[in-house]
Amino acid sequence: MYGNYPHFIKFPAGFGNSPVHASSTSVSPSSSLSVGSTVDGHHNYLEAPTNASRALPSPMNTIGSPVNALGSPYRVIASSIGSHPVALSSSAPGMNFVTHSPQPNVLNNVSSSEDIKPLPGLPGIGNMNYPSTSPGSLAKHICAICGDRSSGKHYGVYSCEGCKGFFKRTIRKDLIYTCRDNKDCLIDKRQRNRCQYCRYQKCLAMGMKREAVQEERQGSRERSENEAESTSGGSEDMPVERILEAELAVEPKTEAYSDVNTESSTNDPVTNICHAADKQLFTLVEWAKRIPHFSDLTLEDQVILLRAGWNELLIASFSHRSVSVQDGILLATGLHVHRSSAHSAGVGSIFDRVLTELVSKMKDMQMDKSELGCLRAIVLFNPDAKGLSSPSEVESLREKVYATLEAYTKQKYPEQPGRFAKLLLRLPALRSIGLKCLEHLFFFKLIGDTPIDTFLMEMLETPLQVT
């Protein structure tokens with residue numbers, strides 16, 4: 001009955017490897033979309049680039065949402081600074097796109113400046129003229145690496161915060177990159193995340209000094225021995241304040257809660273839950289881009305991480321939102337779904353697990369927003385997601401979140417030495433529940449009895465491949 005549709009679904013780990021036909025509008029592999037910037041807190045809007053071979057034959061052409069960036073048919077995730085759109089296709093393994101992103105490779109060691117040779121196509125390397133260094137003209141400096149606005153002189157070169165952080169992480173972690181093209185990739189403000197190999201070589205070619213990073217690290221280590229622990233806690237590269245800001249920025253304003261039996265909703269709790277999930281997918285990309293260093297990853301890796309963890313990220317959010325309600329969950333739409341309604345709809349088992357293993361535990365320990373944000377960031381930075389070009393970098397970011405969360409709990413709750421461990425124990429339950437919820441969603445989609453909205457449907461139709 002599904003033979004006329006081109007896409008296949010392969011279930012995530014735990015569901016077997018049998019492909020299941022799914023209904024889907026055929027999408028041209030060459031179609032692409034770009035995500036506009038967020039204005040006044042509203043969601044990003046999509047617009048077709050001029051070089052797209054044809055318009056995407058989908059209602060999403062007229063509906064703006066950053067979620068359309070989540071893979072085929074979600075074409076691109078563009079960072080808030082306007083990263084260049086990347087065309088995706090269904091031919092690449094795991095993530096269904098074709099890219100030229102770098103991957104770590106021991107054959108291309110660029111860990112020392114002696115290995116660097118002049119790159120073709122690097123403009124003005126030998127005759128770069130910097131503006132004056134007076135305080136009044138500092139804002140006029142541009143980044144020598146990508147042309148973005150410079151924040152000052154870093155490691156010997158005027159550069160932006162993005163290139164400064166990229167160079168520092170590369171040196172401190174001794175990262176090794178490769179170029180999938182001819183080692184002459186254009187590095188500018190829009191495409192600086194496309195090739196880490198060429199970006200790093202340009203940093204060195206423009207005069208950034210490895211030893212400056214190493215000296216800075218040694219100096220910070222010595223200072224830390226003489227300074228008291230920061231009141232905010234955690235890593236300076238992963239401040240808990242930024243994680244909290246991300247949570248607060250996307251939290252729906254549910255001032256007036258309503259019941260599932262009101263006229264504004266259907267009587268089917270599954271339909272209400274699916275509608276709420278679809279609505280929250282609008283804000284998921286916006287949230288992720290506010291998490292420190294997520295936008296520094298390649299666009300391909302951003303897509304992979306969001307598609308690998310979207311269900312767990314949404315479940316964690318509505319579970320924490322539900323600690324204030326009795327025997328039910330509170331959806332982003334403001335609807336309160338009762339336990340009895342879930343049982344009558346045939347999803348009582350998984351609903352009870354959400355209440356007992358997540359909502360109840362969060363309520364008992366009074367988990368705050370900062371802790372929730374850290375747990376969600378840990379879920380986001382999943383180094384085991386299939387197809388990542390730089391899993392070691394993702395793992396390093398996850399470890400930074402671990403350190404931030406541990407420092408935060410020690411500083412905020414010194415009388416609870418086991419709080420950090422209790423928080424981490426919610427992650428296996430969240431993972432298990434997330435997989436079971438996916439199983440239910442696939443079932444409801446296939447039997448066709450439950451209306452599933454556009455964006456959630458497309459997320460279900462292009463899951464990660466299991467290898």
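Cβ coordinates are placed from backbone N, Cα and C, and glycine is handled just like the others.
Per Swiss-Prot, the range carrying the annotation zinc finger out of 59-79, 143-163, 416-436 is 143-163.
According to Swiss-Prot, the feature zinc finger maps to residues 179-203, out of the candidate ranges 4-28, 179-203, 379-403. Counting residues per DSSP class in helix, strand and coil order gives 3 helix, 5 strand, 13 coil for the zinc finger (143-163).
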